[in-house]
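As given in Swiss-Prot:
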ACT_SITE  Cys286  active site, nucleophile
ACT_SITE  His370  active site
ACT_SITE  Glu372  active site
BINDING   Ser60, Gly257, Gly259, Leu287, Gln290, Asn328, Gly330, Phe331  L-glutamine binding site
DOMAIN    209-397  domain 'Glutamine amidotransferase type-1'
REGION    1-205  region 'CPSase'
Amino acid sequence: MTETTPKTAPWTVQKRTAVLVLADGTVIEGKGLGATGAVEAEVVFNTALTGYEEILTDPSYAGQIVTFTFPHIGNVGANAEDIEDLTPANRHGAVGAIFKADITAPSNFRAAEDLDSWLKHRGIIALAGIDTRALTALIRERGAQNAVIAHDPNGNFDLDALKARAANWCGLENLDLAKDVTIGQSLVWKELPWTLQDGYGEQDAPQYHVVALDFGVKRNILRLLTGLGAKVTVLPATATAEDVLAHNPDGVFLSNGPGDPAATGEYAVPTIGKLVETGIPLFGICLGHQMLALALGGRTEKMHQGHHGANHPVKDYTTGKVEIVSMNHGFAVDSDSLPENVEETHVSLFDGTNCGLRVVGKPVFSVQHHPEASPGPQDSHYLFRRFINLIRERKGQAPLPESEQAA
C-alpha cells in the first residue's frame, strides 16, 4: 500500500482589481465588484446593518461612495421593489460602494438577483476585501474624503493619474446635484406602502392633494403620503412657486436630495420663500429642511463627516421623546442662525446639530432625518401625520392621532 501525504493548497494572493485613491494620495487596494471604470466622489461611511439596496439607490447619495461598516453584504440579494429613486433607468444614487467581505450568496424569497449583478446593472463600482474599520476611523478623524474609486478586472491602474483626479476633484461644496437627479416632468404618484399580502397597492380615493418638489425624493416618502390619503403630484426641482400653486395643493412637500443646499437654493430658495407666505401647510425633509432654513434666513454648513446610518438618536423637543432614526446628510443647519420666529424642534444626541424646525404661527416645519425609514421601530412616522393634520386643520377637519403608525 502506498502512503500519500495530504496536500494543502498554498496561500494565494489575489490580484488587486479595484483601488480607492484618496485626495491625499493614499491608495487602498482590494477586489473589484459591480461595474468597471473609475469615478470621482466623496467617501462616507454608513452604519446601518441592513437596507443596502435602499441606501445605494437613495438619490441623496449622488456624488458619494458609501463604506458599509457592517461586514456582511448581499445576503438578501436585490430586487426591483426596494429601489428608492424615481427613475431607475437614470441610476441615481451612490456611484461607489466599499465592503469588508465579499458578497454573500442571496437567501431571501424576494431576491431577484445577486448583489454583484445588481451593482453592474446600476453602474455602481464596488471595492471589497479591505479594512473598513480603518477607513471609517480615517473618515471620522479627517472628515469625508474626496477620492476616486476604480475597477479593472485586469488590475491595470495608472495610479498617478488617479491621484491627480482625486486631488483635483472639487468636492460636494457648491455643487447643485438636485438638477441631475430630479424628474424631467411632472407626474402623479399613486403607489401605496408595501404589504405582505398585496405588495404595492394604488391610491384610488385621495382625500388631499400634496405637491412634492423633487430634489431627489425617495419612493417610500411618497408612499407614506399616499398611505395617509394624499394624491401626490411630483414636480421638478426647478418648479416655481407659480407652478406649484397652479396645482391648487392642500400641502407642499420639500424632498430630500444630494449636494450643497446653498447651490440648489440659488433657484429653490426663492420658490420656498414664496410658498411659506401662502399659508399652505409645508413639510420638508433633509435637503428640503436645509433649504427651508435658508429661505427663512438661516445658514447651512458642511459637516466634518456627516451623518449616515440607521441608529441615530434624535430628541423631539415638541414631545420630549427620543427617536432612533435614519440619517443621510453631509450638510447641516446652523441653529444659531435661525431667526426668532423659527423654533428648533429636533436635535441630534450624537453631536447636538439641528435636526428640525418649525415656523411660529405658520403651518411650516421640517426635519433633517428620514422619518420614512424604519430602522426597527417606525419612530418618526408620526411626522407624516403631523403634516396631514396641518392640512386637515386648514380644511376644518379633526386631527388624526399622531401615535398611530402611518403605514
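Including glycine, each Cβ sits where the backbone N, Cα and C put it.
Here the structure is a predicted model, which means the values were calculated and not measured.
Annotated features, which come from Swiss-Prot, shown on the structure.
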| residue | record | Cβ within 10 Å |
| --- | --- | --- |
| Ser60 | L-glutamine binding site | 32 |
| Gly257 | L-glutamine binding site | 34 |
| Gly259 | L-glutamine binding site | 26 |
| Cys286 | active site, nucleophile | 29 |
| Gln290 | L-glutamine binding site | 31 |
| Asn328 | L-glutamine binding site | 27 |
| Gly330 | L-glutamine binding site | 25 |
| Phe331 | L-glutamine binding site | 19 |
| His370 | active site | 25 |
| Glu372 | active site | 26 |
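Taking CA atoms as the reference points, Cys286 (active site, nucleophile) and Phe331 (L-glutamine binding site) are 9 Å apart.
As a whole number, the greatest separation of Cα atoms within the L-glutamine-binding residue list Ser60, Gly257, Gly259, Leu287, Gln290, Asn328, Gly330, Phe331 is 13 Å. Within the model, the region 'CPSase' (1-205) carries an average pLDDT of 93.
Counting in whole angstrom, Leu287 (L-glutamine binding site) lies 11 from His370 (active site) by their C-alpha atoms. The Cβ centroid of Ser60, Gly257, Gly259, Leu287, Gln290, Asn328, Gly330, Phe331 marks the L-glutamine site; residues of that chain outside this set whose Cβ lies within 8 Å of it are Gly216, Asn256, Pro258, Asp260, Pro261, Cys286, His329, given in sequence order. Proximity to His370 (active site), judged by a C-alpha distance within 10 Å, picks out Asn328 from the binding-site residues Gly259, Gln290, Asn328, Gly330. For Leu287 (L-glutamine binding site), other Cβ atoms within 10 Å of its Cβ number 31. Separating the Cα atoms of Gln290 (L-glutamine binding site) and Glu372 (active site) is a whole-number distance of 17 Å. A gap of 19 Å separates the Cα atoms of Gly330 (L-glutamine binding site) and Glu372 (active site). Under DSSP, Gln290 (L-glutamine binding site) is assigned to a helix (H, G or I) in the three-state scheme. Here the C-alpha separation of Gly259 (L-glutamine binding site) and Glu372 (active site) works out to 20 Å.
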